[in-house]
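As recorded in Swiss-Prot, the features of this protein are as follows:
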REPEAT    71-97  repeat 'HEAT-like PBS-type 1'
BINDING   His73, Glu74, His106, Glu107  Fe cation 1 binding site
REPEAT    104-130  repeat 'HEAT-like PBS-type 2'
REPEAT    200-233  repeat 'HEAT-like PBS-type 3'
REPEAT    238-264  repeat 'HEAT-like PBS-type 4'
BINDING   His240, Glu241, His273, Glu274  Fe cation 2 binding site
REPEAT    271-298  repeat 'HEAT-like PBS-type 5'
Amino acid sequence: MSPSATDTTEGVDPTILTLRKVLTSESEPLARRFRALFSLKHLACLQPPTEKTLPAIQAIAAAFTSPSALLKHELAYCLGQTRNPESVPFLQQVAKDTEQDTMCRHEAAEALGALGYEDSLEILKALRDNQNESDVIRETCDIAVDRILWENSEARKAEKLKTSDFTSIDPAPPLPMTASEPSIPEIEKTLLDTSLPLFLRYRAMFALRDLASPPDLPTATRAVEALAKGLKDPSALFRHEIAFVFGQLCHPASIPSLTEALSNQSEAGMVRHEAAEALGSLGDCEGVEETLRKFLNDPEQVVRDSVIVALDMAEYEKNGEVEYALVPDAGVAAA
């Protein structure tokens, strides 16, 4: 994707230029490019925005020309976390671009939903209703439309949501709190009911996630076990989101089901890659690194790339590094 008309590097902070150069260079190791991306994401997500915010967003978007589907999908995810309207045009362009990888387009559409701006509804509805689009794109846009409508509704203001341990902007909010104690079997029933709208099922998914954190919460293991059943869902999109949630939770009880998903050669690449990255976040658990190394030469590129990044993340977990990021000089630490 070509940079936008407003994309200029003139007068940009040298740290951002260094990170942008690493991120957009095909000769840099993938793991190093991911670390550069997460450094830029930090600057792009600053609230309130600073003079570094827009150049960081533009630097992230500049890498959409990469041939790596894994990297591009992560770019889209990061832009969706910025809470910044400057990210919208880049994401809309990627979502509409049928030449782009499906996984990348899906993530761009999901990111538009996360940002919540109503001017994305027209594009998302058109993709949702286009019978020539893949199930992954149509399902993603269905959820994104519902999320934007919810975000801008009166009903949202009336809902009481449990405070989450996670700062991520999710594809759907958790189910609203009720007067009674949350019933995991009831939420699980909603999660697994394929007759319900995907947005509602995603709300159940994120409600279960919040009941599984922190890991020593009395409901945690039961919530993880309920979520694991979602890895058998007919929708690849749904299965990949379960794996993503497991990556957030870092709960050891998820390791068997993540290992099974990664090991299944007939599973969709977007699910296997998410399972690999989730295992990377559990890299300090016994046997996880050995499992990941088995797939370094997997036939599927996105799985191989994910394992490289996952092993780098596992190394970071073991070393107890403060942040999974690239620090080119002292300047970024103060940014």
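Any Cβ shown, glycine's included, is placed from N, Cα and C.
Around the Cβ of His106 (Fe cation 1 binding site), the same chain contributes His73, Val136, Ile137, Thr140, Leu237, Met270, each under 8 angstroms and 6 or more positions distant in sequence.
Most Cβ pairs under 8 Å to the repeat 'HEAT-like PBS-type 2' (104-130), among the stretches 71-97, 200-233, 238-264, 271-298, belong to 71-97.
The distance from the Cα of Glu107 (Fe cation 1 binding site) to the Cα of His273 (Fe cation 2 binding site) comes to 14 Å. Taking the Cβ of His240 (Fe cation 2 binding site) as reference, residues of its chain lying under 8 Å away and at least six apart in sequence are, in sequence order, Ala268, Met270, Val271, Glu274.
Listed in sequence order, the residues Ala69, Lys72, Leu75, Ala76, Tyr77, Met103, Cys104, Ala108, Glu110, Ala111 complete the 8 Å Cβ shell around the Fe cation 1 site centroid, once His73, Glu74, His106, Glu107 themselves are left out. Within 8 Å of the centroid of the Cβ atoms of His240, Glu241, His273, Glu274, where the record puts Fe cation 2, the same chain has further Cβ atoms from Arg239, Ile242, Ala243, Phe244, Met270, Val271, Ala275. Between Glu74 (Fe cation 1 binding site) and His273 (Fe cation 2 binding site), the C-alpha separation comes to 12 Å. Same-chain residues at least 6 positions away in sequence with a Cβ under 8 Å from that of His273 (Fe cation 2 binding site) are, in sequence order, Leu70, Met103, Val302, Val303, Asp305, Ser306. As a whole-number mean, the pLDDT of the repeat 'HEAT-like PBS-type 5' (271-298) in this prediction is 96. Around Glu241 (Fe cation 2 binding site), the same-chain residues at least 6 positions away in sequence with a Cβ under 8 Å from its Cβ are Pro171, Tyr202, Met205, Glu274.
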